[in-house]
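The feature UDP-alpha-D-glucose binding site is assigned by TrEMBL to E98. Positions annotated as Mn(2+) binding site by TrEMBL: K219, D243. Positions annotated as transmembrane segment by TrEMBL: 7-25, 37-58, 378-398, 418-435, 506-528, 540-561, 573-596.
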Amino acid sequence: MATHAYRLFASTVLAGVLLVWLYRATHVPSRSSGARWWAWLGLSAAELWFGFYWVLTLSVRWSPVYRRAFPDQLSRRYKEEQLPGVDIFVCTADPTVEPPMLVISTVLSVMAYDYPQEVCKALASILQEVPSGAQEMHKDLTDRVNSVVNSGKIPDVSKYKLRGFSKWSENTSFRDHPSIVQILIDGNKRKATDVDGNVLPTLVYLAREKRPQEHRHFKAGSLNALIRVSSVISNSPVIMNVDCDMYSNNSGSIRDALCFFQDEEQSQDIAFVQYPQNFENVVHNDIYGNPINSVNEKGVRYGCPLEDVITGLQIQCRGWRSVYHNPPRKGFLGMAPTSLGQILVQHKRWTEGFLQISLSKYSPFLLGHRKIRLGLQMGYSVCGFWALNSFPTLYYVTIPSLCFLNGISLFPEITSPWLVPFAYVVVAAYSCSLVESRQCGDTAVEWWNAQRMWLFRRITSYLLAAIDTIRRMLGITESGFTLTTKVTDSQALERYKKGMMEFGSFSAMFVIIATVALLNLACMMLGVAKVLLHKGAMSLGAMFVQAVLCALIVAINFPVYEALFLRKDSGGLPASVSLISLCIVMPFCILPTNLYL
């Protein structure tokens, strides 16, 4: 019933979008109007793209599927020794941005899965038996690990105990070294037990070979190296890939996934099971609108910073299916970025990878033609075209405001019936977004913060990703891999807990955000003053939509104004960002529009 209601609602929104396009096509101003004609043309192109992209997003809402796992039935049907072996991969790249103790905590959490070795019970018994001793052991481990990270050297004692570490010598570096494999715990030997005598799972350390002259293929290279090692040591039929900052929060996650793999009726074509990404450190009213993203699959292709997406698409094109499983108890919890810069850089990397896929032979519409359903192709393209939203969004949050400042009308008057489709599309789309957010458990403030981050990502991460992709296609630059730091300054963390947006440094992204915010503030103040002083309040009807749009952009940028003018802590915007933004905004506010349109 809900699905049919949404489809009916979407049909009415589509009718409104078509009417907006019709208005733009039938009310084009004459070429002699100069700036208004150019602004109208650009606005029409932006609205054409927004409508097309909105149709793409329908694919992920048109026919939703909800899944449940029944691990109790799995246990009744299969004995413990009949369950398939599972290899768990945990990758890390840089000890400075991904602290080793974070990785160790993740490894310990996945070793505690409720699977034949019964590791979960063993760890619980250790903590219950000697809590103070366990704390001392953990502190000692932390000190030893941090000492190695700070000194960059492995103690001779560790080299003696673990021969694999002896390969790390003064003649090697993290960019130039042979493959290093060390079995830390051999689960095949009955001596590898916990204090209660339970056999521990096998634990293997791998540092894949790296040479300066050879491309290492980023995370895809690491995963393929792990697959090769796995095939020799265990050759397990099931592989779980876990990010180093995503620890297990549900000891039954493996059994839940096996419910789909072992299903006699539907498991024949299931290739991988995905769990959503959730964060434990998200503050109330999540100021950064952290998204849900998940990747959990087997086999990785090379070619771009998001090889896992290419791999998943190719698996689907071969006739396999994926399962998205979101159990009541979260399967994994991780650390969300706690500063605006971190999350924008992270989104830039994702967006650049998605766009590279969409513009390559791996495009869902090319690779998936006649292989996967059109709806799935559209679903992949929702992320694939993220970057292309940047240009129309940047146009929409700047040009109408500048035209409002100069008295150029771009929308129907407040008394015109043509205003109805514009108002309906906007109100309906954002009302639907708010309802979906509330259904997911978010507050209205969280939804508002998500709209702010939606704007910030589009005019910064998406824009720079599009520019870098174009430069890469022209051969000017090459693809890179940027890690998101998991280390946060204590003062910045305190501000994050208070719900304060963290800027704190100079960045081209912050310059763009500050420029758009200041431009709209200036246009709103000067535009309203011009109308009231020279034309009177009655003339505001022709500019009503632009005035509302400008006011909404100003309202959503309040944290930016706070960082520019009010905040005195180190998390505000530096003076250099303010100065550059002012220098960019002032000419646009002083010069007439026909000089830049």
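Placement of Cβ uses the backbone N, Cα and C atoms for every residue, glycine included.
Long-range Cβ neighbours of D243 (Mn(2+) binding site) (same chain, at least 6 residues apart, Cβ-Cβ under 8 Å): V90, C91, T106, G334. Among the recorded stretches 7-25, 37-58, 506-528, 540-561, the one sharing the largest number of Cβ pairs closer than 8 Å with the transmembrane segment (573-596) is 506-528. Most Cβ pairs under 8 Å to the transmembrane segment (37-58), among the stretches 7-25, 378-398, 418-435, 506-528, 540-561, belong to 378-398. E98 (UDP-alpha-D-glucose binding site) falls outside any helix or strand according to DSSP and counts as coil. DSSP classifies K219 (Mn(2+) binding site) as helix under the three-state reduction. Rounded to the nearest whole angstrom, the C-alpha distance between K219 (Mn(2+) binding site) and the residue listed as 'UDP-alpha-D-glucose binding site' is 14.
Across the candidate stretches 7-25, 378-398, 506-528, the maximum count of CB pairs under 8 A to the transmembrane segment (418-435) is reached by 7-25. DSSP assigns D243 (Mn(2+) binding site) to a strand in the three-state reduction.
If you draw a 10 Å sphere around the CB of K219 (Mn(2+) binding site), it holds 20 other CB atoms from the protein chains shown. Summarising the environment of the residue listed as 'UDP-alpha-D-glucose binding site', the number of other Cβ atoms within 10 Å of its Cβ, over all protein chains shown, is 21.
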